[in-house]
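To start, the structure under review is shown below, and the notes come after it.
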Amino acid sequence: MPVITLPDGSQRHFDHPVSPLDVARDIGPGLAKACIAGRVNGELVDAGDLIESDAQLAIITIKDAEGLEIMRHSCAHLLGHAIKQLWPDTKMAIGPVIDNGFYYDVDIDRTLTQEDLDLLEKRMHELADKDYDVIKKKVSWQEARDTFAARGEDYKVAILDENISHDDRPGLYHHEEYVDMCRGPHVPNMRFCHHFKLQKTSGAYWRGDSKNKMLQRIYGTAWADKKQLNAYLQRLEEAAKRDHRKIGKQLDLYHMQEEAPGMVFWHNDGWTIFRELEAFVRMKLKEYQYQEVKGPFMMDRVLWEKTGHWENYKDAMFTTSSENREYCIKPMNCPGHVQIFNQGLKSYRDLPLRMGEFGSCHRNEPSGSLHGLMRVRGFTQDDAHIFCTEEQVRAEVNECIRMVYDVYGTFGFDKIAVKLSTRPEKRIGTDDMWTRAEEDLAAALTENGIPFEYQPGEGAFYGPKIEFTLHDCLDRAWQCGTVQLDFFLPGRLGASYVGENNDRVVPVMIHRAILGSMERFIGILTEEYAGFYPTWIAPVQVVVMNITDSQSDYVQQLTKKLQDAGIRVKADLRNEKIGFKIREHTLRRVPYMLVCGDKEVESGKVAVRTRRGKDLGSLDVNEVVDKLLKEIRSRSLHQLEE
């Protein structure tokens, strides 16, 4: 009979098989009430699953990450229960858990509206309020198929036919009259599923294949309690206000149009931000001793066959033909950088060789995945590749990490999650080579005092990598930076250097990206700052305004003085009330507004206001210029007097 060992090392002895819920009851009524599931010998199981032999057991509650995920998955089933009651002819496809919630793909003969979602959510609450038990039954494959065939659930039948072995015993979860199929676990009772919200719908092809039928995907979020739900909804509301697509339109930064899906039309102010960002990274390239190069926009398909991209990546590549030759528009810069390395004989004394490029790349992303600047088809990578010896890897990775944190810190990103992905099952190279490479990456992180998580088996087949994920002010994660070792591509493209013993040696290549995509990073910055860019990167840094026509000459003189100092400035001499001008430029998020009236003209001063509404008073013109230049040149995140 089972001896159950709990996480604190204590043991409970039973003379019959017990479930996690039974053990929770044995410990106390509070834990029994909170029990959602169990982890038996490391494996998640339903609260009612029987344990027949000695086992390690952890009781899972809503406070655990696994408990929250289980509850969210059960909310997807609750959605299925509700939609089948409201529209019985609906056919259910798949309903997984996603970050912060769940979705369900459904085949329904109506286009779901917001009113439908409200009705559906209301029915879900009515069902959850009944606090009914969820009954799990393990059945044969044939019984599961017969159950769903009788209910007209064609997609469930297809899943059984195509994805589940006939020897398996699928789990059927009964929500009163509604039945769903899942590996589980799920909540034992619907009392755990009360704090949810249906959010939106979108189209989704069955199996993700555009040849299949388009289904409707219903998204929802679910949380452990009302407070967490409301906090999340408030974050979403704030995120909507910060949406870079909305701000981009308000500030006239860029636009996109159907004739060029996923390609950015940069307007003057947006392109100013782009160029400032590029200039900053270019300065860092010089500081960290990189060459800056520029590779061709497209290259012959033969080269991409050599690299393996044609075999593994061709669906994501744009191609064109000329004079009976097929060309690929580059999706990445690395093959071009190897070609530059290959020009001329290289010695070990020439290494490390650091090569950076603002490379214009294109990838044929699915049209449904395109999202403003965050997911595009045409983008600019701040890409770099370092060619070095095996002995130089650790020092070079160390410098890459320093550069990554140097750049991110300038923009105020200090919450950075770091993951080290190690050798996958299918890989090239020897175990010794991989061990040394992984140790070099880990040591470089440790030497820089950076905590990190291992991602076992998640490295590329050609080398381990470090990933840097930024967390913004809304705690959203953005994976931007990468340091990737590559033992494969240089050799495949014939790269070598003359070693100390006059032998030919293939260099190690380090792929290094910091911003990732310039376009995406501008999108991230726009949402992080809500369009209130630090002065150094703001498209217009200062607007000088007159109150009446009598100050026009003074405004123009002051504007020229600021321009000559290298400050991006505009004069606003329109015949409008000063309050109107201030409101307009405040909405445009211009960092500083300089107001000139007769008093300022007489004193040779200027009244200074910030976009946050702070009145800095009347200041000497030279003092204003000096302070602005100091703020801009230091790339300060804060304005004067903040």
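Please read every residue number as a count from 1 along the shown chain.
The backbone N, Cα and C atoms fix where each Cβ goes, glycine too.
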In Swiss-Prot, the residues C334, H385 are said to bind Zn(2+). Which of H195, H244, H511 is said to bind at that same site?
H511
DSSP-wise, what's the residue breakdown of the domain 'TGS' (1-61) into helix, strand and coil?
14 helix, 22 strand, 25 coil
Starting from the Zn(2+) site formed by C334, H385, H511, give every other residue of that chain whose CB sits within 8 Å of the mean position of their CB atoms, in sequence order.
M332, N333, H337, D383, A384, Q484, D486, L489, M509, I510, R512
State which of the following binding-site residues has the fewest other Cβ atoms within 10 Å around its Cβ: H385, H511.
H511
Summarise the model confidence on the domain 'TGS' (1-61) as a single mean pLDDT, whole number.
93
